[in-house]
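Engineer: According to TrEMBL, the protein has these features:
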type     : residues  : note
TRANSMEM : B:26-44   : transmembrane segment
TRANSMEM : B:83-102  : transmembrane segment
TRANSMEM : B:109-125 : transmembrane segment
DOMAIN   : B:111-235 : domain 'Glycosyltransferase RgtA/B/C/D-like'
TRANSMEM : B:131-149 : transmembrane segment
TRANSMEM : B:156-174 : transmembrane segment
TRANSMEM : B:180-211 : transmembrane segment
TRANSMEM : B:223-242 : transmembrane segment
TRANSMEM : B:289-309 : transmembrane segment
TRANSMEM : B:316-332 : transmembrane segment
TRANSMEM : B:338-358 : transmembrane segment
TRANSMEM : B:365-386 : transmembrane segment
Amino acid sequence: MTLAAAIMIFVSLVLAAFAAVTLWWTMHAWRTPETLAGTRFAPPDGEQHLTFSLLLPARHEKAVLEHTVERLLRSTHEAFEIIIIVGHDDPETTEVAHRVAATAPARILVVTDHNEQKNKPRALNTALPYVRGDVVGVFDAEDQVHPLLLEHVDHAFRATGADVVQGGVQLINFHSSWYSLHNCLEYFFWFRSRLHLHAKKGFIPLGGNTVFVRSDVLREANGWDGTCLAEDCDLGVRLSSRGKKVVVAYDSTIVTREETPGSVGALLKQRTRWHQGFLQVLRKGEWRRLPNWRSRMLARYTLTSPFLQAFSGVVIPVGVAIAIWAQLPVLVALFTFLPVLPMAATLMFQIVGLHDFGREYELRIRWHHYAKLVLGAFPYALVLSTAALRAVWREYTGRRNWELTAHVGAHLPAVEGAAA
Amino acid sequence: MTVLELVKPPAPAPVPVERPKNRTDFYVAVSLTTVVLALLAWNITGFPTASDDEGTYLAQAWAVQNGKGLAHYTYWYDHPPLAWIQLAVGAWLPGLIAPSLLAVAAGRIAMLPLQAAGLLLVYVIGRRIGLPRWAAALGLLTYGLSPLFLTMGRQIYLDSFAVVWILAALALALSPSKHLWHYAAAGAAAAIGVLSKETILVILPAVLVALWQNTARSTTRTWAFGSFASGLVLVGCFYPLYALLRGELFPGEGHVSLFGAIQFQLGSRSGSGSIFEGGSGANSLLHSWMYYDSVLLIAGAVATIAGLALRRLRPVTVAGAILILVALRPGGYLPAMYVVQVLPFFALAIAGVLFYALSRLQHWWKWTAIALAVVLAAVVVAPRWYVGDRRALTANDNAAYVQAAHYLRAQPPSTIVVDDVLWLDCVNAGYAEDRVLWFYKLDLDSEVAARLPGGWRDVDYIVSSPALRQDPGTLPTVTALLRNSTVIESFGSADGVIEIRKVVKEPS
């Protein structure tokens, strides 16, 4: 009994510490008004010096591709080209790609990826030899890119001397389902806050799109890792380890808007892929080359945290249930409630975050959205932990193929409606 | 790598310039606190008279120290336990260093670090509501030199813990760096304050005012309130959680409960009458406070009301005003230590109003006002405080208790009925802890009554003190014991006499 109690107390303390650290970092941007001001994108100076090559891998994306390219073409920047990458086995998307390319032949190039095994990093690597711009930008086929974004990025590169600029990405269709609400908020906290901390501490897992890298730096790093399921995270880790300068800039008016996966199953697949990718990056060990101990610890912590988070999201409620029903000694039972503190505080901040999210994106948040947020917290944690378990299982049984997330364009009317 | 810093903040925020750290505030606050603390410590064992409540809380701290739960009798949620849990951390030390002291007197020494924190916090809050050094220092001294503080600040009261924590919450809510975690800590401190003495809950709005003011025109206001609420609720909920885990949250057959206790405190407790009504409990309490220090109470109440008009002072004056309103409510229960919560807010209000009044006057008007204030202080305040403080530093009101404690220590352990003050002295002297009985538990706690199957005849001695004789005839067993016992030793004189009485068991 004493041993069981000691284990309970120990596990509770570890979980509480983990949850507290995660919360501390997640709230980075809002620590003081000064830190919040420091995360904003600077207004551009109106000058344009850089040339951009925007890579747009599209695989079975005929529903959204055209719209995405149209929006990219509306960009206010003068010097950019769009390279659409399609698969040789995907005639429908290829057809759409050629059709939109014909509308702006000087701007758009269609490249065909002949790799037998298709995935995003291989598609991006296929396009790299065709790149002519100073800076490579990556977008996904379903992205809603703001016309002013390139001007901002141009200015950011010049003003900071950065090698990499990570812009903001935001899932916007929070109203679609209970999980999309949580998914949107995850993005909000990640891009609005957490990523800035990573940039500051010198270890940053980059996002999958709206990421801009100087072409020479990218070529020097041999492009993307075609075998990695989280090529974006991997690139960030490799560039961080080489001491490249990464800056993060966020402005709600020019973030790239995206949609959440269309079903819980799709979310599960996507999350499995990310988690497995994180695991691969961890095993590759590039992060060991980071210059100091602190950023190595941050790297280790960040790459393992999806698993810890998944684990604690399930174990904490179970521990509390045990504490209430199993007649533990009162003191031990009180200890099992310790991790609930940061967990409940996280939920409290998510409520505030949802309010802020609505304000920044001029979306109407109703009371039932808050209710969904609270009620959906535990089921969402279940989905994440299932994905984490799946990821571990797949990685150790050698199943490393790419499970694609399908897009139907649920964010498009939402965005149009919000913009109106 | 760095985060993008090319940003121009929307409003041109003042760039923090790295200056050599100015430590003047630190030296001023610490030296003044040291002076007040020395006055507080001097003769702490001799004055004021050890009160029954002090003995109660100290005994409960002893129960916590010795792993006997939250009280050595059934803990019935009369007060949240955090104050005596904190007391338990320090209360064992003085007795170890000076074992010959009366237990309660030794326990008082453990209050000194707490009061030091309170004094420093008064200074910090003064600075954070915009007062210059001299005014913040005046606030500290007004608080610390008041005879009321030098009397009640020495005693072991839960209110002292609560008020220090709520001062901490205020100081954190007014944090100049506006750090999110300071706000969370403010919430946690407020929760600890409430769990130290629940009545401090009424001045929570003052902390909210501070938070509201400090986050005005800030981009992080909603986050600040979320942070504060997290700290407050999450720390605060541990108390009901404790009750829930013990199955004592809701009233039920055969056990105590948190909600039952709350119902009793709010509903069944008899009021002390109106403070304006001569002869009522509340009125005589007010007179006893005024006896110690009328200056701080009157000037503080006036300054509090006047200060409500000044925005920067509002966190402090709202607290003071709420406490005044609560004291004035007709028919409510007013405990003797209530005033402990009032003092720091009154002191800060006086210093604040004085500063803002002076800063609005010009030239010789200003000098006239200063001269007037100095004369008033010298003619009205100083003589009164001199008398009060002198009493605190010289009176020896606990001699009878000390003698009784010494006498009891020399006797072989027996079954003995005492008041709360002497309980711990007996237990420390080796009396079996379940054979030393608080007098009122004999009739009010069935579990204690069960220890005496033969009723009052199972008791060997009873120590009659003023506390025990306070309400004659209300406790049948105590009345029987007093009737069937003879005085074998007595200490002190007149009203304050303490008698050791041997119980005569032969039926007469």
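Keep in mind that glycine also has a Cβ here, set from the backbone N, Cα and C atoms.
For the listed features, I'd like the structural context: burial, neighbours, distances.
Structural biologist: Sequence-remote contacts of a segment are chain residues at least 6 beyond its ends whose Cβ falls under 8 Å from one of its Cβ atoms, and for the transmembrane segment (B:83-102) they are 45, 50, 57-58, 60-62, 64-65, 70, 108-110, 113-114, 156, 158, 161-162, 196-197, 398, 401-402, 405, 421, 425, 428.
Packing against the transmembrane segment (B:156-174) from elsewhere in the chain are residues 53-54, 57-58, 79, 82-84, 86-87, 104, 107-108, 110-111, 114-115, 117-118, 121-122, 124-125, 128-129, 182-183, 185-187, 189-190, 192-194, 196-197, 199-200, 203-204, 206-207, 210-211, 213-214, 228, 315-316, 319, 337-338, 340-341, 343-344: each is 6 or more residues past its ends and has a CB under 8 Å from a CB in it.
Note on the transmembrane segment (B:223-242): residues 80, 82, 173, 178, 180-181, 183-192, 194-195, 207, 211, 214-215, 249, 258 of its chain, located 6 or more positions outside it, place their CB under 8 angstroms from a CB of the stretch.
Same-chain residues lying 6+ beyond the ends of the transmembrane segment (B:338-358) with a Cβ under 8 Å from its Cβ atoms: 118, 121-122, 125-126, 129, 131-132, 135-136, 138-140, 142-143, 146, 148-149, 152-153, 157, 159-160, 162-163, 167, 199-200, 203, 206, 285, 289, 296-297, 299-301, 303-304, 306-307, 310, 312-313, 316-317, 319-320, 323-324, 327, 366, 369-370, 373.
Distant neighbours of the transmembrane segment (B:365-386): 145-147, 293-295, 354, 357-358; these residues of the same chain sit at least 6 beyond its ends, with a Cβ under 8 Å from one of its Cβ atoms.
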Engineer: Is it true that the transmembrane segment (B:131-149) and the transmembrane segment (B:180-211) have 3 or more CB pairs under 8 Å, sequence gap of 6 or more?
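Structural biologist: No, the transmembrane segment (B:131-149) does not contact the transmembrane segment (B:180-211).
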Engineer: Do any residues, 6 or more residues outside the transmembrane segment (B:289-309), come within under 8 Å Cβ-to-Cβ of it, and if so which ones?
Structural biologist: 142, 146-148, 151, 316-318, 320-321, 324, 339, 342-343, 345-347, 349-350, 352-354, 356, 380-381, 384-385, 388
Engineer: Test of understanding: applying the rule of at least three C-beta pairs under 8 Å (pairs 6 or more apart in sequence), is the transmembrane segment (B:26-44) touching the transmembrane segment (B:109-125)?
Structural biologist: yes
Engineer: Apart from its near flanks, which chain residues at least 6 from the ends of the transmembrane segment (B:316-332) lie with a Cβ under 8 angstroms of it?
Structural biologist: 125, 129, 166, 170, 202-203, 205-206, 209, 271-275, 282, 300-301, 303-305, 307-308, 310, 338, 341-342, 345-346, 348-349, 352
Engineer: Same chain, outside the transmembrane segment (B:26-44) by at least 6, Cβ under 8 Å from its Cβ: which residues?
Structural biologist: 105, 108-109, 112, 115-116, 119-120, 123-124, 133, 136-137, 140-141, 144-145, 149-150, 153-154, 389, 392-396
